[in-house]
Amino acid sequence: MASLQEPWLLENGNLKGSSKEIRHGRTAHNMSSSSLRKKSDLTLVSKVRCGMLRHLLTNLQEVILGTKLTVLFPAIPLAIAAECYGFGRPWVFGLSLLGLTPLAERVSFLTEQIAYYTGPTVGGLLNATCGNATELIIAIFALWQHKIEVVKYSLLGSILSNLLLVLGTSLFCGGIANLGKEQKYDRRQADVNALLLLLALLCHMLPLLFRISAASVSLTEVPTLQLSRVSSIIMLLAYITYIIFQLVTHRQLFEAQEESEEHGDDLSEETPVIGFWSGIVWLVGMTAVIALLSEFVVGTIEDASESWGLSVSFISIILLPIVGNAAEHAGAVIFAFKNKLDISLGVALGSATQISMFVVPLCVIVAWILGIEMDLNFNLLETGALALSIITTAFTLQVIYIYIY
């Protein structure tokens, strides 16, 4: 059974967490990924006498070997070698997808490390922009190559996978693993995310309805594009306002609540394991590698589609979101097993909100700048699936609350 608890962490602008985590800017996204991390043994590294070499080895130990997904890192040089030496294009696509999996988790780790030094405001802002960096970079490269359908399908797939696959699996597995126990979640977090998702749905439906209502598609092509751009600007402004409300203008309200709470949780206070500038350098480097692999993915998706017998839409909607966010999604399910449903909700709802309210409209604006005509019309079937997913999610969470109270 689920019940309510106070907000305690900041996930994509949602305040949730203990005061220790708020001070360091930890997020549900970070905590979800942390379930796949492992403690590094620095015994041998500490014996190195050269300070610069010891610092470099410590960083390599923490960043490269500090995750259970280390075994997937060899896929990165293999993908680069496959591209350089002209191996089969489907191999390049598959290896690039595997290489993106640990990189997405490491970006979350690095933003958390930087947040230790910058505080919760900048840390939350970093997470609000880097939480779905993989999807954003893939979308921008697809836009650059004028593959608008790949952009739409991949972003739609990310929203659907978060709402249906991740949230659904978390609720199901958490309920089965904690039979007879009370599962807690913050209703306000769910309500705010649901309202933002409904706002995004409205902005997606307006261009579709406008185009369907006209007798000729050619007559509505330009107005639909203009309506999409205006709607995108409104969504971006709404998302920015939401971030400011949570991080700046009303942050003290949540901090006051936390000070009155007892800190009897089992979460130990953590300290950064790498330096601030080391984290910046690693974050820039990881982003560059993600950009390279994203270019490989976008450039080889048609070849993989032909070789594997799968449509581009299926690969974009199903494979790209699942593989690109495998670490984050697995962490959400793991925390649901541990009866920490708030973290699972923060990952699934927060990520879906960030994509729909930030990544999608940002892609429309970027396409506008590049002179590419991308609108918010995701076609009838896709928009219908999005509407049913959002409405079902909001209805389910409300029914749980009504059932309890």
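Quick reminder: no glycine exception, Cβ is built from N, Cα and C everywhere.
Taken from TrEMBL, the feature domain 'Sodium/calcium exchanger membrane region' applies to 91-247 (among others).
Residues annotated as domain 'Sodium/calcium exchanger membrane region' in TrEMBL: 279-396 (among others).
Feature annotation from TrEMBL assigns region 'Disordered' to 15-34.
If you look at the transmembrane segment (155-180), the same-chain residues 6 or more away from its ends with a CB under 8 A from one of its CBs are 132, 135, 139, 197, 316-318, 320-322, 324-325, 329, 332-333, 335-337, 339, 341, 344-345, 347-349, 351-352, 355-356, 359-360, 363, 378, 382, 385-386, 389-390, 393, 396. Per TrEMBL, transmembrane segment is recorded for 155-180 (among others).
Beyond the transmembrane segment (192-210), the same-chain residues lying 6 or more positions past its ends with a Cβ under 8 Å from any Cβ of the stretch are 14, 163, 220, 223-224, 227-228, 231-232, 234-235, 238-239, 242, 349-350, 352-353, 356-357, 360-361, 375-380, 383, 386-387, 390, 393-394, 397. Feature annotation from TrEMBL assigns transmembrane segment to 192-210 (among others).
TrEMBL lists 230-248 (among others) with the feature transmembrane segment.
For 273-294 (among others), the entry in TrEMBL reads transmembrane segment.
Taken from TrEMBL, the feature transmembrane segment covers 314-337 (among others).
Among the features that TrEMBL reports, transmembrane segment is placed at 349-372 (among others).
Sequence annotations record features per position, and here TrEMBL assigns transmembrane segment to 384-404 (among others).
Tertiary proximity for the transmembrane segment (349-372) is limited to same-chain residues at least six positions away from its ends with a CB under 8 Å from its CB atoms, namely 11-14, 27-29, 128-129, 131-132, 135-136, 139-140, 143-144, 146, 148, 151, 155, 158-159, 162-163, 166-167, 189-190, 193-194, 196-197, 199-201, 203, 228-229, 231-233, 235-236, 238-239, 242, 325, 328, 393.
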